[in-house]
Amino acid sequence: MKIVVDENMPYAEALFGRLGEVVAVRGRPLPAAALVGADALMVRSVTTVNQALLAGQRVRFVGTATAGTDHVDTAWLAQAGIGFSAAPGCNAIAVVEYVFSALMLLAERDGFALRDKTVGIVGVGNVGSRLQRRLTALGIRTLLCDPPRADRGDDEQFHSLADLQREADIITFHTPLNKSGPYRTLHLADADFLRGLPPGRILINAGRGAVVDNAALLQALEAGQDLRVVLDVWEPEPMLSLPLLARVDIATPHIAGYSLEGKARGTTQVFEAFSTFLGQPQSVVLPSLLPPPPVASVRIHGHPDQAMLKRLMHLVYDVRRDDVPLRRVAAQEGEFDRLRKHYPARREWSSLQVLCDDCTSASLLTALGFDARVA
């Protein structure tokens, strides 16, 4: 059995090698010759999977080691009788920790307390729900906007996007990209939305680039609108707008979900789905795959205030490590993808053991996702 995998899926060759011959290839553009004789294809978000790619091939299963699926024509796969699996939630923790890293940086720079802010979360799925729980653990007020869940009658208090526009100091987008239909998210943050934001707001997009109208955002910033912006995703990619890059506060190359744990979860989820598809179900214990973290343990004294939380969060992941390289090389062709392809290992907060003086501190840090204990 021939299994084609994206060369940037960690642990893919070792895991899928249990099931057949593995051929690792680049994801963008994916070499068509590699698909000849392939039985399965494992991709990331950089590869568009549709009839044009797979027609005439014998591929009978496609897996994407990503939470999002807008790069895959799932309707055509179903029509063609090709099995499919994504990895929902695989990188949700990493995206949440990216948002916190960015907010802590802005809070320190601009001199505000996060507890005094209201955070509006647009899209309350795997990422948004985890973000809401961690913000709540810190006593931060949240407003949730998720029309599909609201219409289903889910047991949450949901708000309209207009409510968030008026009331939220920080608005962060975590929706899929829907280009049509009743829950269209294409340019959800359009010129009218941006124009209606009160001064001093913070806008974060770590979901899909086209959820925010990048042309309208650039126009607003060029016109002098008082708006702080964090962008991890762009419209389009990989050819992002250099004028927009120059005007946003934090800019990164679509890596919010790129923790080592998140990538490994994506690979293991599609591996387990494919093994089940073959009738040979196998499970993987994630920690057994991961190397020791660069910093394994720290001790803190007293209850962690915002400054201490920032130090702990940035000890594991400081968003500036991705902002600086992107600004340095963005004008060069191919560098956006190169930064993603050669992304250095990044860990999640759970990799850091924090030794505390008291149970209250340990409980707070545990709720935030650290491995905290009293010692």
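Note that Cβ sites are derived from N, Cα and C of the backbone, with glycine treated the same way.
The following features are taken from Swiss-Prot:
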BINDING   Ser45, Thr66, Tyr258  substrate binding site
BINDING   Asp146, Thr175, Asp232, Gly257  NAD(+) binding site
ACT_SITE  Arg208  active site
ACT_SITE  Glu237  active site
ACT_SITE  His254  active site, proton donor
Could you tell me the C-alpha distance between Asp232 (NAD(+) binding site) and Ser45 (substrate binding site) in angstrom, no decimals?
-> 14
What's the longest C-alpha separation between any two of Ser45, Thr66, Tyr258, the listed substrate-binding residues, in angstrom?
-> 12
Enumerate the residues of the same chain, Ser45, Thr66, Tyr258 excluded, that satisfy the criterion Cβ within 8 A of the mean position of the Cβ atoms of the recorded substrate site; list them in sequence order.
-> Arg44, Val46, Ala65, Ala67, Gly68, Asn91, His254, Gly257, Gly266
Hey, how far is Thr66 (substrate binding site) from Glu237 (active site), Cα to Cα, in Å?
-> 17
Lowest local Cβ density (other Cβ within 10 Å) among recorded positions: Asp232, Glu237 | Glu237
Close in space but at least six residues away in sequence, with Cβ under 8 Å from that of Gly257 (NAD(+) binding site), the same-chain residues are Thr66, Ala67, Cys90, Asn91, Ala92, Ala94, Val95, Tyr98, Ala206
Say you check the Cα of Glu237 (active site) against those of the recorded positions Ser45, Thr175, His254, Tyr258; which is nearest?
-> His254
